[in-house]
Amino acid sequence: MGARAWTAHPFTAVEAVTGPLPEGISSEVDVRNNRRDMTGASVITANRLLDGRIVWLAPQGWSEVISQARVFDNAAVEDAIKQAKVAADAGTVVGIYGVQLDPEATKITPLTVRERIRAFGPTVHPDFAPVETPHVH
Amino acid sequence: MSTDTATQPVGRYAYDEVDRTFLSQRVAQFREQVGRRVAGDLSEDEFKPLRLMNGLYLQLHAYMLRVAVPYGMMGADQMRELAHIARTYDRDYGHFTTRQNIQFNWIRLEDTPDILERLAGVNMHAIQTSGNCIRNVTCDEFAGAAADELLDPRIHAEILRQWSTLHPEFSFLPRKFKIAISGSPHDRVAARFHDIGLVAHPGPNGRPVFDVFVGGGLGRTPIIGVHLCHDLPEEDLLAYLEAVVRVYNAYGRRDNMYKARIKILVQALGVEQFREKVDAEFAQMNRADYRLEPAIVEGIRARFGIPDLDAPADAAQKLDSDRKADARFDRWVRTNTHAHRHEGFISAVVSIKPDGGIPGDVTADQMDLIADLADEFSFGEIRVTHMQNVVLGHVRKDRLRDLWLRLDGAGLGTPNIGLVGDIIACPGLDYCALANARSIPIAQKLSARFANPELQENIGTLRINISGCINACGHHHAGHIGILGVDKRGEEFFQLTLGGSAENDVAIGQIIGPALPEDETVDAIARLIDTYLVLRNEGEAFIDTYRRLGAASFKDAVYAPA
Amino acid sequence: MPLLENGHVTEDRWAQAIAGEALPAGAVIVPLERLEEGLARPKDAPLGVAIGPDVDVAVLRPALPRLGLVAVTFPSFRDGRAFTQARALREHLSFTGEIRATGTPLPDQYEFLLRCGVTTVQTDRAEDVAVWQQAHEIISIAYQPSVLHERPQGLGLRRFLATD
């Protein structure tokens, strides 16, 4: 992940107040997956059903690397999420949601530590960072 | 039925054809369920509990498969199969958990039926390592070996494993349900931090009796379990547990998942009313159906292999002279071994906490080495501990140095058991979909900072536990120093608790003050330890100094200006 | 899905009580609130009762001799209270009539239902009956006693399950 120091960011949307939900008890969505600014930009993410790998909604289909992701203005991202959830290939992924981007980053970079770890791999294993592959699934 | 305990796997239950048929049927069932999920006949919501009851989570980066190691016992052949799975289906490593299981982090759903089939080939499975059901029963890592043990708890742990497997009534409980069992007066299983903790000792007629604790747990509401039943006779063990779990299934809360564990029910009813309900259920039951006859217990016991403990008369002398000749070996023996009931044997703890390493992570090559060493030195028997280490239970004292040389050569000889470097850490935000903060980097920085073995031994017994979120998989409330990761606006912060313990002196750690930013946490803990070194009396452990002086003496150290 | 009994489709001879209407003359399932009304009918009129998952089945004890059916329900497949209700009806109250599972249990729970004493399943789920039948047959071994009193196999508490 990037070397830039992480500074507190005032979210204006809903925030995580109760913490994460353990799997297997509730179909509710993790509240952290819904927090976005009113302004700024987001990308859309999910996990692929068959192998669980993190994917990002690209101009065509889903990509394994965030650099390929299509960037949405936050004013448009809710509609885009709704569309992705009913698209023909929606059944090939699990848990579609939007991810706020860091407005100060030069590359496509999520704002939160959690989403940066999803985008760039576990910080304790730089060798497992997602790699660019020529094909988009 | 074979009763040849000499040829059966040492320390665990030997499967027979019926057990193997069951496992292969279970694999076929999951393969069919995966097929229905992929075809869209099952929604993710419906499939989730089915995959969880086969140990499969969807984590941050991929699926995670948690393989059951019943009561922490496995054989060398099983460890080699785990190494094969790590190489073939994962990224060449696995992770030992605090429930004595092992998990793989990079699993594909489409491979999982094949992986489960391979596991079934060595009599292993992932059944009920997750889900709102009775989970893997945990046990004392020195069971059947410890000098202080009153009876071997693994026979009853296996009986409970079998009883709880695909239990028709208790597979959709309000929440998960964890049972631990110990046969030693020294609590090494955290019995009072479990939904049910069982402490066994021999009863008047020679059969075991059980003290039953209920309603303990960590998570977001840490509670010490209450004593529910004194000296429960063995023959009533299953009936009584059925009654407890049945009361929980009927009355446990289902409206709020954070209040769904049995501990909340016990607190809400009060222990007297809870006991009345259990007793009423127990009294109504047709107990003959559930009676655990001695013949049933002995039938299971007969399927456990027994090690042939035969050591030369001078084995202990040889160890003494080996220790005198090699100070590094001597240190490792001091920190990483445990007294065996046989004078010629000793239990060796293999630290899976290398300095600066990831607690509990083990590579495929290390798994193979541990398997080989288990075959050579400990009857092919391997134990996973709730501290995320590995124990070789029955090592001849005169061969201990040979074992240590092999471990040390492979980076598995870190002399830090029970010391600062022996940190329990959950996977944290690097892997876990639930986590709020990373646990592993804090553990790595701490163990690197205190890598010096003289320093660690000087500091003495110190249990540091790190959880990446309030679900407390790193048992932070039970640590002498507990570290809890919290999320503040997408940023990582860490809250410190002091004074917890999961042992006989059980206590819940208390929050010392406001959470610290990630880059200040390790320094704060170092100052805390420095303060202890100044304040302690001769020979006084950290936890005792803390208890003598209270939190106030340490608070300034934590919040001192950097 | 049609009414399922022991893995096979069967004809439903029970009518449901309709809210606000008088009870019909034949076999009828009434909600617990209308149990008294049901019991007031002629003693030979078949009577069933539907209970919610929060009901202690002991409240049915006085009425059980008159009841031919008790319907338990799964508001969600995750809510396992009906398993305990069914087992208590069989084990504590010695109920021998039909126990019907309603709501939304999964076919993957079918064997658990049967082993807790449920005899019929009535659900809106879309699966083919064959999926339920397969869920019943795929596992042939169990490791604990159940109200079906399967014969112990010899080791531990293990027993073979009937798969017909």
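For all residues, glycine too, the Cβ spot is worked out from N, Cα and C.
In TrEMBL, annotation is done automatically, which means it is predicted and not curated.
Look at TrEMBL and you will find B:63-120, B:358-408 tagged as domain 'Nitrite/Sulfite reductase ferredoxin-like'. Look at TrEMBL and you will find B:130-283, B:423-558 tagged as domain 'Nitrite/sulphite reductase 4Fe-4S'.
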Reported mean pLDDT - the domain 'Nitrite/sulphite reductase 4Fe-4S' (B:423-558):
95
The domain 'Nitrite/Sulfite reductase ferredoxin-like' (B:63-120) - residue tally per DSSP class, helix then strand then coil:
29 helix, 18 strand, 11 coil
Give the residue counts of the domain 'Nitrite/Sulfite reductase ferredoxin-like' (B:358-408) per reduced DSSP state, in the order helix, strand, coil.
26 helix, 14 strand, 11 coil
For a three-state summary based on DSSP, what are the helix, strand and coil counts in the domain 'Nitrite/sulphite reductase 4Fe-4S' (B:423-558)?
56 helix, 28 strand, 52 coil
